[in-house]
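What follows is a set of notes on a single structure, which appears directly below.
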Amino acid sequence: MAAPMNGQVCVVTGASRGIGRGIALQLCKAGATVYITGRHLDTLRVVAQEAQSLGGQCVPVVCDSSQESEVRSLFEQVDREQQGRLDVLVNNAYAGVQTILNTRNKAFWETPASMWDDINNVGLRGHYFCSVYGARLMVPAGQGLIVVISSPGSLQYMFNVPYGVGKAACDKLAADCAHELRRHGVSCVSLWPGIVQTELLKEHMAKEEVLQDPVLKQFKSAFSSAETTELSGKCVVALATDPNILSLSGKVLPSCDLARRYGLRDVDGRPVQDYLSLSSVLSHVSGLGWLASYLPSFLRVPKWIIALYTSKF
């Protein structure tokens, strides 16, 4: 089996489950040495064992990415053990999902102000810390890739105020880091997965109360055809092995766009759902859902329309 990332060194934060786990599995399958982080060593070891069975090497490291001292220690370990080499950093760690589920349908003034920290400390704050220390290894080498996991919640209202602000800041983090890193040969991008079948969401979607909420009921129907966690991993591998990656630096990269660009399918063989297709967009618009089934899948929402729709001017 081809190992296109053999010899490369990667760090994936928040990899004990969910998207981070899926990314770690695919990076190891591609032959890389992958450092995975999380807060519980036992779950990290389970992922590491699974990842190594696919190829590559996987090193579990307990690290709370909201704590700068722990982030610094992580990258010092990578520096020491890999002779200063770091090829790919994936800023994925996120601890806000349960808070989002617990505060659903509540306005920002109806929730504790501390919800900001619950959603963005292990997330935006940690992503910045990791980017700082990761770049210190990449810049001297004149190469590297930083991937920030974000979402369309950065463009339009989604879930709550701290979530949207945090995701918008993630996209800006990637764009501004890319600006400063470009002359050093280091790329930085923002990756938008679609709806993803994470363990936590699977558990939540199985609850009976979901059927009583019209919004969640609609979400559940889309969830059955959602992306697996490993599709994001396939996207990261494709980006990391793209010789023209600098041309994408600073951009927001939806997973469905990357699937089209690199000819990717999900790990179970399914085609990747294109959430930027006209039919997909219309299926979520009240009164226009009937029209979606009549539109061919190749018709997509032009990016300039998205830019106009989300313009703040």
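Heads up, the Cβ atoms here are built off N, Cα and C, so glycines get one too.
With Asp64, Tyr163, Lys167, Thr198 listed by Swiss-Prot as binding NAD(+), the candidate from Ile19, Ile23, Ile36, Ile245 annotated for that site turns out to be Ile19. In the three-state DSSP scheme, Asp64 (NAD(+) binding site) is classed as coil. By a simple count of nearby Cβ atoms, those within 10 Å, the most crowded of the binding-site residues Ser151, Thr198 is Ser151. Spatially close to Arg21 (omega-N-methylarginine) yet at least six residues away along the chain are Ala15, Ile36, Val47, Thr229, judged by Cβ distances under 8 angstroms. The two recorded residues, Ser151 (substrate binding site) and Lys167 (NAD(+) binding site), have Cα atoms 6 Å apart. In this structure, Ala2 is the one among the recorded positions Ala2, Ile19 with the smallest number of other Cβ atoms inside 10 Å of its Cβ. A Cα-Cα distance of 39 Å separates Tyr163 (NAD(+) binding site) from Ala2 (N-acetylalanine). Cβ-based neighbour count (10 Å, all protein chains) for Lys167 (NAD(+) binding site) stands at 26.
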